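What TrEMBL annotates here:
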DOMAIN    A:5-172  domain 'FeoB-type G'
BINDING   A:12-19, A:37-41, A:59-62, A:123-126  GTP binding site
BINDING   A:Asn23, A:Thr26, A:Gly27  Mg(2+) binding site
TRANSMEM  A:277-295  transmembrane segment
TRANSMEM  A:333-357  transmembrane segment
TRANSMEM  A:377-399  transmembrane segment
TRANSMEM  A:426-446  transmembrane segment
TRANSMEM  A:453-475  transmembrane segment
TRANSMEM  A:508-528  transmembrane segment
TRANSMEM  A:640-665  transmembrane segment
TRANSMEM  A:677-698  transmembrane segment
Amino acid sequence: MSLKNINVALIGNPNVGKTSVFNQLTGLNQQVGNYPGITVEKKMGFCKLPNNIKANILDLPGTYSLNASSIDESVVIELLLNKNDRLYPDVALVVTDVENLKRNLLLYTQIKDLEIPTILVINMADRMEHKGITLDIPYLEEHLKTKIALISSRKGHGIEELKNLIVSYKTISSEPCLNASSIDVEYFNSLRHAFPNQLLYKLWLVITQDVNFLNLERNEIHGSFTKSHSDLKRLQQKETIKRYQFINDVLKEGLKVDSSVAKDFRSKLDRVLTHKIWGYVIFFLILFVIFQSIFEWSKIPMDFIDSTFATLSTMASEHLPSGVLTNLISQGIIPGIGGILIFIPQIAFLFLFISLLEESGYMSRVVFLMDKIMRRFGLSGKSVVPLISGTACAIPAIMATRNIENWKERLITILVTPFTTCSARLPVYAIIIGLVIPDTYVLGILNIQGLTLMLLYVIGFGTAILAAYILNLILKVKGKTFFVVEMPNYKLPMFKNVAINVIEKTKAFVSGAGKIILAISVILWFLASYGPGKQFKNAEQIIKENTKAHPLSPTEFNNAVASQKLENSYIGLMGKTIEPVISPLGYDWKIGIAIISSFAAREVFVGTLATIYSVGGTDNETTIKNKMAAEVNPITGQKIFNFASGISLLLFYAFAMQCASTLAITKKETNSWKWPAGQLVFMSTLAYLVALIAFQILK
Amino acid sequence: MIQEIIAFIILILALAFLIRKFFFKKKSDKNCGSGDNCGCS
């Protein structure tokens, strides 16, 4: 009796055990070659199945999706699109890993939509008990519209059942998972109208993938339905989101993970780290250690950088020929650069800890842990990722909201992310805390300054979720999305990865913020060194006349002249104009100028004060911190940076928007000025009111 | 005099840099990935 030949394609993500399944099915009946014209390995084999069927098994290269980004992936797409290929599969086996089912199912849904009979092979079933995983196979089969083979290729379990399923491939539904039209109804309707006999999803792949599809229709499609690259990308993203929505809905019922019954070491560790009480305790202990260390370990290098720049500034004014340029260098540029470089140690330590947490796999547990809190405030667990990323910078964090499917949840996350404490706030916090919070210890080990910094981070995160809760009530979010996070294995952080991340992030901070600070320092120096009226031009004369009765020492006289000039300079006049608005918060006009200039970027605050104090300050103090500490209100005689004004400033920066780039990215992501304008008004008003209340209570 | 000229050139360069940075920002196609803070500050 002659054998009936069928083609079987093995498709799956890398590392799902696809080759083990291939080996189990084919045994020694294998051939290895190359695909024509490329060096991608082609593995074929055959196996005899019941009912006199001989299956030609083709082990296709591992691919994450049908959106090709490598030659390996193009091979898969070309085969699946071309029905004339002699290897075109009669049935596709999509191999998945039971521990990473969500990610693996994306490819499955795409293959299924090509209307090829598809069997879902769930591999590594022997790990299910160990991991506390249970699958509702009938439910999954019904909703994924297929037959499922639960196997363990490592132990050879389920292979015979898989062979039986392959034999009955004709009974498998070819109904797609996703209605392709839902990606863009109008566009797909016109496609359907133009090509009534073609499969819509196949047409879509031909349009979007740069693969060698040997058919004339590709040119026809491209000619009539050309879209811009960015439009196609946007639609592809929409397609991926819709697929994950579908997968999430199916897995919510079909897959249960009970970590309490899992038995492996990772699960035991997960049970503690994601515990409803211990999980939070450990997380806060880790945060506590991080913030203590940031302050403790940074002290020596920060003091070194501060004094080095003070010395450089003095040297420049003493050794360079006197003149405008020398003053600009010694009073504007050097203090401005010093004002940003001083924070390198703290930024580096912050990113060192964040990298260690990410590399070790702990950060994913934090995301999972925080998801439970987020839900109570009406946000998706996916919002946690942008909120945690926001501790580095709000810009990439806001961009990271793109994977939130529900528009209103995404909008809320975009609007509240700037509340989380970004690295640009750190310099402001560090200098103010250093000035107004005593460097003392509670219980011998708890540094008050470190505790204050940690509290500010908690305030930032707390405000973000509280604001989200309020916005959630106002915007009436409907249709929650489900959050499925893939927990990576724990591993020892790789030194190289951590080092690269710390260097990259610190470099980005210094070069990105540094250039702006340098430019602003130059402008501020000019504004502080020139003035319009007689009060500025005749400063020396005025001071001489005012002090006739009580002559000053030469140093006192110089300081008085510098102060008179600064107050009547352009920047002084600007500062004096806004002073009535900010004085109820405990700030003088110099702080007011620093707040205005730091709207470009928060960290400009310190650089601005460094420049202003260098131009008009006393000669007795050289370092930025000492200059700020010595600043006194001429009317009250009180220190400008005292406990009340310091707390007021810390709270102001905790809540204020103060970042032009964040507003720009919010506009880009929401495609409207309405939201960034609202964000700016709300955050600025909140910051002003909280700072006002804090100062009025504490003064 | 030379010092003043150089100082004012530096001022013009600083102003031009800020104007270009905040008002005429270059459009970029690349995605902001690792290590890139996407123009943040």
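Positions of Cβ are set from backbone N, Cα and C atoms, glycine also.
The structure displayed is predicted, hence computed values, not measured ones.
Here the features listed in TrEMBL are painted onto the structure.
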| residue | record | Cβ contacts under 8 Å, 6 or more apart |
| --- | --- | --- |
| A:Gly12 | GTP binding site | A:Lys18, A:Gly62, A:Thr63, A:Val94, A:Val95, A:Thr96, A:Asn104, A:Leu107, A:Val121 |
| A:Asn15 | GTP binding site | A:Gly62, A:Asp97 |
| A:Thr26 | Mg(2+) binding site | A:Gly45, A:Phe46, A:Cys47, A:Ile57 |
| A:Gly27 | Mg(2+) binding site | A:Gly45, A:Cys47 |
| A:Met124 | GTP binding site | A:Val16, A:Gly17, A:Asp97, A:Val98, A:Glu99, A:Ser152, A:Ser153, A:Arg154 |
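The stretch in closest packing with the transmembrane segment (A:426-446), judged by the count of Cβ pairs under 8 Å and taken from A:277-295, A:377-399, A:453-475, A:640-665, A:677-698, is A:640-665. Listed binding-site residues A:Asn23, A:Gly27, A:Pro61, A:Met124 compared with chain B at a CB cut-off under 8 A give none as close ones. Remote same-chain residues near the transmembrane segment (A:333-357) are listed as 286, 290, 293-295, 297-298, 301-302, 305-306, 308-310, 312-313, 316, 363, 366, 391-392, 423, 426-427, 430, 493, 497-498, 501-502, 505-506, 509-510, 513-514, 517-518, 520-522, 524-525, 603, 606-611, 613-614, 624 (criterion: CB distance under 8 Å, separation of at least six residues from the stretch ends). Using a Cβ-Cβ cut-off under 8 Å and counting only residues 6 or more beyond its ends in the same chain, the transmembrane segment (A:677-698) has close neighbours at 415, 418-419, 584-586, 643-645, 647-649, 651-657, 663, 666. Cβ crowding, taken as the number of other Cβ atoms within 10 Å, peaks at A:Lys18 among the binding-site residues A:Lys18, A:Asn23, A:Pro61. A:Asn15 (GTP binding site) falls outside any helix or strand according to DSSP and counts as coil. A distance of 15 Å separates the Cα atom of A:Pro61 (GTP binding site) from that of A:Asn23 (Mg(2+) binding site). A:Thr26 (Mg(2+) binding site) falls within a helical segment according to DSSP. Secondary structure at A:Met124 (GTP binding site), taken from DSSP and collapsed to helix, strand or coil, is coil.
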